[in-house]
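Data block below; observations after.
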Amino acid sequence: MAPQGSRAELEFGGPLGAAALLLLLPATMFHLLLVARSGPARLLGPPPYLPELEELWSPWALLLCLTWLGLQAALYLLPARKVAEGQELKDKSRLSYPINGRRGFHWLPPHPSSLHSQHCCHSMYGEVAGVALRKLKCLPNGSGQGLRPPWALGCFQALVLTALLVGLGVLAGLPLSALPEMLLPLAFAATLIAFIFSLLLYLKALVAPASALAPGGNSGNPIYDFFLGRELNPRICSFDFKYFCELRPGLIGWVLINLALLMQEAELRGSPSLAMWLVNGFQLLYVGDALWHEEAVLTTMDIIHDGFGFMLAFGDLAWVPFTYSLQAQFLLYHPEPLGLPLASVICLINAVGYYIFRGANSQKNAFRKNPSDPRVADLETISTATGRRLLVSGWWGMVRHPNYLGDLIMALAWSLPCGVSHLLPYFYLLYFTALLVHREARDEQQCLRKYGLAWHAYCRRVPYRIVPYIY
């Protein structure tokens, strides 16, 4: 256990808040699954009924979830060309992570003056900073945790191979369109796996060295530590559990559930609706971008700050695939006519959001790699006592978190194909707004502690946090 003085302040309301979230998060997920298929589809009302245990529990659903995790784990271990080094840990070592290898074998270390704070803690799919791309051998690092071998398959290739395997399965008679009827037992199985997995992670962390513990997950309260996660990067040999779960089974599973919902709609109505096509296309673009830029996750708060406990395990394995597919679930049971003019406007909204999201992250990434790059050389910066610089122009001079702004605009575009007669499809937008505002507040606290007066100067230059002239 870490020394008392090294413990971070308790978050999420402390042990009582953590205990409440242990119940509230699964309950919310099941509520959404139930109301999406009901006639009224009321987000704020009670669920249409409370399912019996026989409806939730299915050995076949558990087997299907375990098979899915096994498939993604097998793809994780298949050959790839490159790995990336994560940020420096407490014991001065660095862990290595497989990436998809789209940029060849050259090494591009970031310029030492180009690592700036407002980008060190960002949304889940921001860009990477401080990673060295190189070939590595599988040797233990200073903390005794195995380095990732250079032959691990990257996330984007895993998505492509999964698509090929699913396509072959469908051609061979795999009833993918039957998957929507199993969402309740599948979600129950995923939740059960998340609880058991989190317990095993907690027990493993009890024997982990102090240098391997997360800043906030070693409070001494078992409920809080179980929820937040004690160990920062739990591994067995070369298998990194957090990195694996962050990008692979949940995100790819989300796309698969969307596809199954589209196929079932085609069986029910002869062809998928335009609204269903838009939701599938928008969210596939988002997931594909996340997996293509997979090294981005290495500098997110999830990887560099939060331990791996129930919060992330449940979020990755259950919440993401079964909650983020809510719009497609809604459209299956509540078809929404959508004309081409309105569809074009919605596509434009999504394109604007993606343009901001990708443009902000690409600009930051270019600056971190080489501040002299012609694309970013004219950007204005503020120096800090740490030697790092803060961007105060370009995308990052408009608001402090332009990638969050792009995220929210895209979230709106995903909901609009569902019409405006129900609040339920807009749950993701409401939830994601609350999530990003909370995460932005956590970012502010960390950056203020790290950069002090320079951060105050930055905030004066860039007063708006996410939405220009509003917030």
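Each residue's number is its place along the chain shown, starting with 1.
From the backbone N, Cα and C atoms, a Cβ is placed for every residue, glycine too.
The feature transmembrane segment is assigned by TrEMBL to 12-36 (among others). Long-range contacts of the transmembrane segment (12-36) within the same chain: residues 42-43, 45, 47-49, 51, 183-184, 187-188, 191, 219, 221, 223-224, 226-228, 310-311, 314-315, 318-319, 322-323, 326, 329-330, 333, 424, 427, each at least 6 residues beyond the stretch ends and with a Cβ under 8 Å from a Cβ of the stretch.
Taken from TrEMBL, the feature transmembrane segment applies to 56-78 (among others).
Here TrEMBL flags 151-176 (among others) as transmembrane segment.
Same-chain neighbours of the transmembrane segment (182-203): 26, 29-30, 33-34, 51, 55-58, 60-62, 64-66, 69, 222, 225-226, 229-231, 234, 241, 257, 308-310, 313-314, 317-318, 321-322, 329, counting only residues six or more beyond its ends whose CB sits under 8 Å from a CB of the stretch. Annotation source TrEMBL lists transmembrane segment at 182-203 (among others).
Among residues of the same chain six or more beyond the transmembrane segment (304-326), those with a C-beta under 8 A of the stretch's C-beta atoms are 12, 21-22, 25-26, 28-29, 32-33, 36, 69, 86-87, 120-121, 183, 186-187, 190-191, 193-195, 197-198, 201-202, 205, 213-218, 225-234, 241-242, 245-246, 249-251, 253-254, 256-258, 261, 283, 298, 424-425, 427-428, 431, 446. Look at TrEMBL and you will find 304-326 (among others) tagged as transmembrane segment.
Feature annotation from TrEMBL assigns transmembrane segment to 338-357 (among others).
What TrEMBL records for 408-429 (among others) is transmembrane segment.
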